[in-house]
Amino acid sequence: MCVCVQSMPAVFKIEMKHGEFTWLVKKKEKHFMELHRELRTYKAFMRLPLPTRSHTIKRSSAEKDEARQMPSLPRGGGDELGREEQVSSRKKQLEDYLNILLKNSMYRNYHATMEFIDVSQLSFIHDLGPKGLEGMVLKRSGGHRIPGLNCCGHSKICYRWSKRWLVVKDSFLLYMKPDSGAISFVMLMDKEFSIKMDSKDTETKHGVRIDSLSRSLVLKCSSYRHARWWGQSIEAFVQKHGTAFLTDHRFGSFARPEENIAAKWYVNGKTYMEDVADALEEAKEEIFITDWWLSPEIFLKRPVVEGNRWRLDCILKRKAQQGVRIFVMLYKEVEIALGINSGYSKRMLRHLHPNIKVMRHPDHVSSAVYLWAHHEKIIVIDQSVAFVGGIDLAYGRWDDREHRLTDVGSVTLSHAEQANAPVSASSLAASVPQSNGRAVFTVDSGDQPKLKGQGRIRRTRFSIKRHLQKHGLAPSDSDSDLETEEKATSDPGLRTGVGELYGNTRFWHGKDYCNFVYKDWIQLDKPFDDFIDRHTTPRMPWHDISSVVHGSAARDAARHFIQRWNFTKMMKPKYRSLSFPFLLPKSHTTASEMKYQVPNCVPTKAQILRSASDWSAGIKYHEESIHNAYVEVIRNSQHYIYIENQFFISCADNRHVFNQIGDAIAKRIIKAYREGKRYRVYVVTPLMPGFEGDINTGGGTAIQAVMHFNYRTMNRGDHSIISQLRREMGDQWINYISITGLRTHAELEGRLVTELIYVHSKMLIADDNTVIIGSANINDRSMLGKRDSEVAVIVEDSEMVGSLMDGLPYQAGRFALQLRLECFRTVLGAHTDASIDVSDPISDHFYKEVWMATCARNATIYQKVFRCLPSSDVRNMLELESFLAKPGLDKEDPARAREELKKIRGFLVQFPLQFLSEQNLLPPIGSKEAMAPMELWT
């Protein structure tokens, strides 16, 4: 540490340097004398032979430093120094005094010395940015924006003053208890951050008031000059280092757009969870996770070929044992309304290791928040890598582009001539060591691998231990590092004869195999027990989108998590202990110093968006930057927008629905129509809402309620998009907008089955250069900011590639183009049919002869084969009964049905816009759904 002293009238300005950090300290002569006296007292105290272990250790350390005696401090001339020669001489004496003093660890680490040079345990942390202002102050209690965090009154009697050590950094300030060093409060800088020093504002003598969206903090200083110094110094420091957080950014977001951000998209959970698993393995300091639902026992890499190595709870326990601190925030559901059992998830995670901290929010009674949810899905690694999107780490979310309906798990003979030969477990075991292929087995105790042969299918149960012992592998604990996949596959015990046996593992274990419309989850504390019969009921495939960003954008995603964590810690008394620490945001100045980057990213411009408010994040004004971004991107789009979303509830009537996304779509189409320009809108949404209910009886009341508002947005009522378009252009609307869903089919136990693919995505692509991916649905709950809390990222391409748009050469963004191509190829079946050209998203050929023709053909075939619902042939309940009375081709002629199904391409089907169009779908009076506020459904 280097010291240089310069004089000011009655004050010495001390320039300090330690490593990369430099800072200024201003002290009077009397402060040097006070420090010297206190150090002499400390020195005498250390010579006393007190019979305590801590004192003995300190004494022995002090005796080692005895050779370096405490420096002497020559008498000065007081605070008023005379001639210039005296000033210069005194400067040199004080500089020498401090330099010698700071070389002695005994005195350097003493609290009085650290206070004198404005240093604490947070001063020299590289990732927290430059060393800011520090010092002892008195702070006043209260001032929080949330009434529940303040005293019962506002009179001076209710306030209390406490001595605290204040630390100002480039994007936040905090104060600590001086005796323990425990952080007591963290204030993030934001657009409302301001400093006031007038007595009318501070309501105290020698006060400083610091305002933000979350709190109005009042400090008391020892003098008027000291108060002015604190106020002006904080203001100057923040203006120099923290301006990025002091303004309202584009779309009203708390975060600014960040350039040169490495980003990557994910279509479906397979690749997403694999990259999440790898990123978690690379964590060195901290992991942040917040989900609407989290299932600790899910496998992030499938098929399961390495035991429990890639099970989420095992990964987290392994990292916690390595010293990584893990912080998890879960939505605390209303238990009578939702069965996600976040209490179980919390208990399981908390008991894994002390380094794993779990909070749930909100407490519904105390906070009076019953309708709204924390809906974000964020995973942040070391505040440098942030996964942002719509995929929870929960049951049912893992899927790939195949969207399988069945998962019975089997080992079958691959030679056609051996298809009728029975295969027993003993013969399988005998054949194992004879070749160089491999069969993969499930390893969970609840699994039932099936051996297919002539006649009745035999089932054999394998426990984890028996299975591993059978193949010569030592059993492992769930938290231990297991053998790598390469070692496992080279083990002779896992080899089978190529051309003899073909192994199919299960991808979805226990509760992960689900069809939540058929039956909602139960008994989540028994994760590996099936709750639906996978031999009779197909699973519901899950289509979803997510993303990962790095650097400054990851810092911003972490900042949202930190704000929510610190707010929850203050809100709930059970979390106020030191075992649940306040979290600190890392500085943007070090954001580019990444230790790990997810492979195959592209450079982009990215901005974090959110929906947040007083109840969810403790801020004064709500934020709806996701909503603003959607509307702005749609309004400014030139060629097309492609939307995948779990809900489609919009078109404001300012009575029940308020978000303007549907209106923005209608206005943009009308603009294109009036200008005579080509413009397309693609909307992909679930064929049915994701609630338990029997569609054969019209669906449950909750399903119908959501269907009402979806149809109200699409084509029913004066406010709907298609109604607005019809008034302008008649039936020409069909050339501008397509609303579709996804469906697939399979064979289950020799029986043809079909099921819709549940679209859970929350994504918009515009013009092959702009993408919004997040957790926000297109409804008021997600978009208005005051309701559910959400996080999204808008990604704009900075790297262009050649493409086509309306038959002409076009410079498309690499990120957006590749994402759009993957989505189109998946839903249209182009991955298996190279003749399907998806390069031009708006040409007449693609829109009419590929997109519209495919969804119409697929819908017609499914209707013919399965008589599936929902269907536009069913407009009321009477028609529903007659529709169900007639069997489909799958029952009447299965062979012909199979031939028809060969004509299916991809998963795209027309949305049945006329389904139950003559029926009132709102909850009937007297039902429990009718008793809920309308905002619950919108």
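Numbering starts at 1 and runs along the chain as it is shown here.
Yeah, the Cβs are placed from backbone N, Cα and C, and that goes for glycine too.
Please treat TrEMBL annotations as automatic predictions, because they have not gone through curation.
What TrEMBL says about this protein:
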DOMAIN    1-123  domain 'PX'
REGION    55-86  region 'Disordered'
COMPBIAS  77-86  compositional bias 'Basic and acidic residues'
DOMAIN    130-239  domain 'PH'
DOMAIN    370-397  domain 'PLD phosphodiesterase'
REGION    468-495  region 'Disordered'
DOMAIN    755-782  domain 'PLD phosphodiesterase'
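Residues 127, 266, 269, 272-273, 275-276, 279-280, 282-295, 298, 300, 312, 329-331, 333-334, 340, 361-362, 364, 508, 511-512, 514, 516, 521, 524, 539-540, 542, 544-551, 553-555, 557-558, 560-561, 564, 585-586, 591, 594-598, 608, 610, 615-616, 646, 760-763, 773-776, 781-782, 787-793, 933, 935-936 of the same chain sit 6 or more residues outside the domain 'PLD phosphodiesterase' (370-397) yet have a Cβ under 8 Å from a Cβ within it. Per-residue confidence over the domain 'PH' (130-239) averages 87 (mean pLDDT, predicted model). When the domain 'PLD phosphodiesterase' (755-782) is classified with DSSP, helix, strand and coil residues number 3 helix, 15 strand, 10 coil. Under DSSP, residues within the domain 'PH' (130-239) fall into helix, strand and coil as 23 helix, 41 strand, 46 coil. Residues of the domain 'PLD phosphodiesterase' (370-397) grouped by DSSP class, helix first, strand second and coil last, total 0 helix, 10 strand, 18 coil.
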